[in-house]
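Annotated features in TrEMBL:
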DOMAIN    1-126  domain 'Nudix hydrolase'
BINDING   Arg23, His28, Glu34, Phe35, Pro36, Gly37, Asn119  8-oxo-dGTP binding site
BINDING   Gly37, Glu57  Mg(2+) binding site
Amino acid sequence: MKRQHIAIGLVANSEGKYLISLRQGEQHLAGKWEFPGGKVEAGESELEALKRELDEEVGLEVKTAELIETKAFDFPDLQLQLSFYRVTEYLGQAEAKEGQPLRWASVDELKALPFPKANDSVIAVL
Ligand SMILES: Nc1nc2c([nH]c(=O)n2[C@H]2C[C@H](O)[C@@H](COP(=O)(O)OP(=O)(O)OP(=O)(O)O)O2)c(=O)[nH]1
Ligand SMILES: [Mg+2]
């Protein structure tokens, strides 16, 4: 099976809170919170995917971002490679463009909320 590459953005506001949304309905891992992001499509770089996904999901224009962690994570029927980027410069106001619950959360809140297992290490370093 081919490993699916996922580009994920850690976006902080001026209070040091991070933008997260709730996975819903039919989505894989529904009920878990996530940082915005999604699948890297054919012919796209991770950074291009990050920019496209943050625009599509939360209406932000990513200007600069730095890779902070890459993590392989396997489910019985799915193999993921998650690349977590710290978004260092962005433009716009976050909005839930896909109707998903969206909020800003402090690091303490991130540690208490349910996230996919693959997020444990990146949350621990924030
Ligand atoms: N966006 C995101 N996905 C995560 C995180 N942690 C984690 O394990 N994942 C997993 C859940 C999914 O299996 C995968 C993301 O893929 P996705 O299906 O949401 O991608 P997408 O946005 O392109 O999705 P869609 O349009 O098909 O709904 O990565 C995270 O913090 N953010
Ligand atoms: Mg997504």
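Residue numbering: from 1, along the chain as shown.
Glycine residues also receive a Cβ, built from the backbone N, Cα and C atoms like all the rest.
A quick note: this is a predicted structure, and the numbers were derived from the prediction, not measured.
In sequence order, Ile8, Ile20, Ser21, Leu29, Lys32, Trp33, Phe115, Pro116 are the residues of the same chain, not among Arg23, His28, Glu34, Phe35, Pro36, Gly37, Asn119, whose CB sits within 8 A of the CB centroid for the 8-oxo-dGTP site. Helix first, then strand, then coil: DSSP counts for the domain 'Nudix hydrolase' (1-126) stand at 28 helix, 52 strand, 46 coil. Among the binding-site residues Pro36, Gly37, the residue whose Cβ has the fewest other Cβ atoms within 10 Å is Gly37. Taking CA atoms as the reference points, Glu34 (8-oxo-dGTP binding site) and Glu57 (Mg(2+) binding site) are 12 Å apart. With a CB cut-off of under 6 A applied against ligand 1, the binding-site residues Arg23, Gly37, Glu57 are reduced to Gly37. Cβ-based neighbour count (10 Å, all protein chains) for Glu57 (Mg(2+) binding site) stands at 22.
Within 10 Å of the Cβ of Asn119 (8-oxo-dGTP binding site) there are 23 other Cβ atoms, across all protein chains.
Near Glu57 (Mg(2+) binding site), with the C-alpha within 10 Å of its C-alpha, lie none of the binding-site residues Arg23, His28, Asn119. Residues within less than 8 Å, Cβ to Cβ, of Arg23 (8-oxo-dGTP binding site) and separated from it by at least 6 positions along the same chain comprise Leu29, Ala30, Gly31, Lys32, Trp33, Glu34, Gln100.
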